[in-house]
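Peer 1: Pasting in a structure now, in structure tokens, and then I'll have a few things to ask.
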Amino acid sequence: MRKKVIAGNWKMNKLFGEAVEFVEETKNKVVSQDKVESVVCAPFPYLPTLVEKANGTELAVAAQNMHFEESGAFTGEVSPSMLADIGVTYVVLGHSERREMFAETDETVNKKAHAAFAHNLIPIICVGETLDQREANETMTIVEDQVKAALAGLSEEQVKASIIAYEPIWAIGTGKTATSEQANEVCTHIRKVVADAVSATAGDAVRIQYGGSVKPANVDELLSQSDIDGALVGGASLEADSFLQLVEAGAK
Ligand SMILES: O=C(CO)COP(=O)(O)O
């Protein structure tokens, strides 16, 4: 059985005190990592403090992005070695907001995935279609291309350790959740793409999250689907209570 992963993506929200308060409030309440992985994806300036606060607990801390290079003249960027050095363990890659607003491409996402594994960071690789693409019946090919490009050149072991987040762009922050059937249909397709491109074992092992207006009221239904192994949650992850409810759902 694949272990579920509940990740709260705070995006560009919370001031420092609020971030610390959230971690203090949740770190001893999240369910054991044997049952579900609980992750908060926080803004860069808070990461060292949050990692320190969460140290020795069941809560993991992730970055929301990184550069693929080790170091150098990349003003404003953060490297994978910097994240690993301060104890970050997961990193979100290729979120649609970064693809749309910050020129992230399939190629950079792939470079970042390789860089993540070089530093023992677990990548949460985001894929998903726009509303226009869905209406044009292009969802499966768009997502397939994104998945294949992101995973290109990774070893079977690395693919097995990867997390893919299927986030239909039209469902992000809109209150419009994909139905659990719509979400599962795409997650099943992603698993098949991984199985065909890498191996049946990798397809079976890779964890696939759904993201897009997930909240305590709809999470059970989504997580009950055969190929959905967790959730990447924006808005509903900002409050400690709501995040804890999502984690509880992941442990059921
Ligand atoms: O983009 C998301 C998580 O990465 C989803 O955001 P919402 O849960 O706010 O729709």
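Using the three backbone atoms N, Cα and C, a Cβ is placed for every residue, glycine included.
Where the annotation comes from TrEMBL, it is an automatic prediction and has not been curated.
Pulled these from TrEMBL:
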- H95: active site, electrophile (ACT_SITE)
- E167: active site, proton acceptor (ACT_SITE)
- N9, W10, K11, G173, S213, G234, G235: substrate binding site (BINDING)
- S213: phosphoserine (MOD_RES)
Peer 1: With an 8 Å cut-off on Cβ distance to the N9, W10, K11, G173, S213, G234, G235 Cβ center, who else from the chain surrounds the substrate site?
Peer 2: N13, I172, V233, A236, S237, L238
Peer 1: Of N9, W10, K11, G234, G235, the binding-site residues listed, which put a C-beta under 6 Å from ligand 1? Please answer none if none do.
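Peer 2: Checking each Cβ against ligand 1, the ones under 6 Å are N9, G234, G235.
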Peer 1: If one looks at the chain holding G234 (substrate binding site), which residues at least 6 apart in sequence have a CB under 8 angstroms from its CB?
Peer 2: N9, W10, K11, I172, G173, G211
Peer 1: When DSSP is mapped onto helix/strand/coil, what comes out for H95 (active site, electrophile)?
Peer 2: coil
Peer 1: Sorry to bug you, but what's the C-alpha spacing from E167 (active site, proton acceptor) to G235 (substrate binding site), rounded to the closest Å?
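Peer 2: Pair distance, Cα basis, whole Å: 14 Å.
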Peer 1: Counting Cβ atoms within 10 Å across all protein chains shown, which of the recorded positions K11, H95 comes out on top?
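Peer 2: Of the recorded positions K11, H95, the highest Cβ count within 10 Å belongs to H95.
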Peer 1: Provide, as an integer number of angstrom, the distance between the C-alpha atoms of S213 (substrate binding site) and the residue listed as 'active site, electrophile'.
Peer 2: 15
